[in-house]
Every structure is written in structure tokens, then in C-alpha cells.
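TrEMBL annotations:
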type	residues	note
DOMAIN	27-283	domain 'Protein kinase'
BINDING	LYS56	ATP binding site
DOMAIN	312-336	domain 'NAF'
Amino acid sequence: MSPATGAVASAAPGEESPAGTVLLGRYELGGLLGRGASAKVYLARDLLTGESVAIKSFPNPRASGGAEEGRRPAAIEREAAILRRLRHRHVVRLHEILATRKKVHFVLDLAAGGELFSLVDASGRMTEDLARHYFRQLISAVRYCHARGVFHRDIKPENLLLDEAGALKVADFGLGAVADGGNLRHTLCGTPAYVAPEILSRKGYDPAKVDIWSCGVVLFVLAAGYLPFNDASLVNMYRKIYAGKFRCPSWFSPALRDLLRRVLHPNPDARIDADGIVAHPWFCDGASDEELARLMVGGHEEAWFKPEFKEDMAREMTAFDILSFSPGSDLSALFGAGPGKERVFVSEPAADVLSRVEAAGRKEGYRVRREGKRGTGPVYLEEESGGIVAKVSVFKLADAVCVVEVVKGDGAEAALFWTERLQPAVKPPVLS
Ligand code: ADE
């Protein structure tokens, strides 16, 4: 989506501005922030909370004439499915989706700080330290997306925005893809100067490696002020990309040169991956292990979604789990497990508890999703936008003796749902 925010763009001549329109009684549209091939992004205000948001509006492809005008329904649904999967400090988050007869609107985090590129100096670059600061945030986001099976496929400066606090936000997953069981992709994607050589050879590519390449081009541009592979002729530019030959400017440190040689490696099999980048001396330089670990997590909610975490939660609780839940073997720690988390002992089968949890979620209008094969969950209760209200897992201690663990979603709604509906469902009052 280009240009991004910072300044509000004006509507094209003859184009009607929707500023002042209130969508579904909730979001008041403001100025145009940017436009892409198939969507426009507007500043908007949530009349309920007073918060500013960004609204990305597509022509509704289900409206008559929509298919020719805008994107296919599948493309919008794919972008929505991708955004719903992602909840990370450095990724623009989808709050909800609204649809009217003519339009589909994604309500998104507002990146109020404009494009990352607004931070370059008069010579078009930033210091190596500042480039490292933002590259770390970029890799944190990309690594998270890849772990969730999501690939951006169009990482470039226009899609790297800043929030009001100056933190990086990766935006626009309109060309994104989700993992499809390891098949190589053939779709031609991306922006010429940022495109990886294997895309040009059309032999199929691994989208994770393509994203890493584009991150390398972004890093080079931030620190150099110009592109690593460039030519007035597109064919010559592609030749240079294909050969993977570039020259670093004299001011690049040896460690940065070394990292870039590994990231911009023309052979995808020899290219460094996100984990390799995180371990590289240039990337780590000046940061403590704790800072790097915090950066790589990106937010407490991430752990919920890690496949290995889900797998963990699906198994029965062992004696080891009980001890690690309650340091010093003090079993009282099993009750009320700290911020955002609750643990409750119940003396009934896991299936009964989870059925009540599911019923409570449905009654409130949440989407209910049960995972795991052993009937112990977790059960996810989700808002329409994909935001998680609660995740409930049951650990079986013995037949009909369980610990129910509830991880609550953020915000007042999730807290209220816990006290009003979920807690009584997890542990119904004992009738005398
Ligand atoms: N341009 C594209 N997406 C945006 C967003 N989420 N916030 C601000 N400007 C944008």
C-alpha cells in the first residue's frame, strides 16, 4: 500500500472523499492514508473507544460488478485469514472486518508514525545502529510469521510503517501466503528491486527464503541509502540480482558486510535463515541476551500459538508438570496462576468441563474452536476478528480429577467474560 501514512493523502481529482462517513455506527472515516491496486486505507476513529485506527477498504467482490472492479473474494479472504493468524508487536493487527453491500473493510492498527523510510537522513540513509534497531524488529516479526506458516512475499520499505511510539509495524499482507505443506511456490510476487533471484528463475521457491532476501535488501538500503542491485534497465537489474553481486559502501562495518553476504546469497539453500540472523554477531551487537529474547517473543500472546505449545497442552498432566506448575511443590500455586491466567481444580471429566466452556462461548456469540485429539483441549474462544477471548485447556490428573487452565485474552471484554460466564462454566456452583 503506497504511500503509507504520516501525511494524509488527498483524494484523486473527481474522486468522492468518504471523510465523515460513519461505518456501521462505529467508525468515523477521516482522510486517505494510502492506496494500493485494489484497496484504499483511511484514517478512522472508533466512536466507541475514541481510538484511532486504519481502515483498509476493498470493493465488495460479491457486489454486482465487484469482481471486475476489485479483488477476487478468495484474495480478500486469504488476506483476512493471514491477518487473523498474526498477533505480534511488530505486525499491523486486524481488529475486525466489516462488510457493507459495496465494500469490505478491515479495521487495523493505525501506524501513526508513517513510513520507516521517513527516518533516513538527507543522504537517504540511517546510522548502522539505527538500521540494526529496526532490522531486529523486522526479523522478530518475520520470524514470528514464518513460525505461524505465514509468508509476506512483498517486504519492502513502503510496507514497513511506524506506530506512534516509533516501533516498526509490518503492513500489507495482500501478497502473503500461508504454508501449504512444503510445496515450492511458483507465483511471481514482489517488487522488482526486492525480489529474490530464485523467483526470477521460475523454478519454484521457498517463500521463507524469499522474505529473508527482501529483509536483506531493506537492511542494505537503510544503511547505504541506495539499492544493492539497481540499473536503469530492468533486465540488467534482474541480471545483477540473479548473479547476487553487490558492493557495500565504504562505511559498512565488517560484521554488517558479513551478514549481508549471507542474507543476499543467490543460492537459497546457502542463504542464512531467520535463526541464523538472530545468532549473527552484527545482529546481537550491543544487546543483552534478555533484550534479544524479549524482542524475539514480541508479546505474551505468541506462546499460545506455537505448534509445540499446542502439542504440549494437548497431553495429560504428568507429575512433572504438576511440580513445574507449582514451584517448591506448593500446590496452592495451582489456584489463580498469575496475570492473565487462571487455574482451577475440578473433580469431573475433562469432556464435561470443555462442553460447558464451549456452550458459554457460543452463547456469547464467540467462535469456538477445539484443538487436540485427546478431548482435553485446548478450546479457543475467539471474536469474529480472530482476537482470542480465552483459551481453555484441561490437564487430567486422574480419572475425573483435572486442572483447568484458562488463559484470558487482553482487554475488558475478555475479563468480563471470564467473571460472568467462563468461571461459572468451568466450576459450576455446588448445589446443596
Ligand atoms: N497505510 C497502510 N496501512 C496502514 C496502517 N495500518 N496505518 C497507517 N497507514 C497505513
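Just so you know, glycine gets a Cβ as well, placed from its N, Cα and C.
Unlike curated records, TrEMBL annotations are generated automatically.
Predicted-model confidence for the domain 'Protein kinase' (27-283) is 90, expressed as mean pLDDT. Other Cβ atoms within 10 Å of the Cβ of the residue listed as 'ATP binding site' number 27 in total over all chains. DSSP assigns the residue listed as 'ATP binding site' to a strand segment in the three-state reduction.
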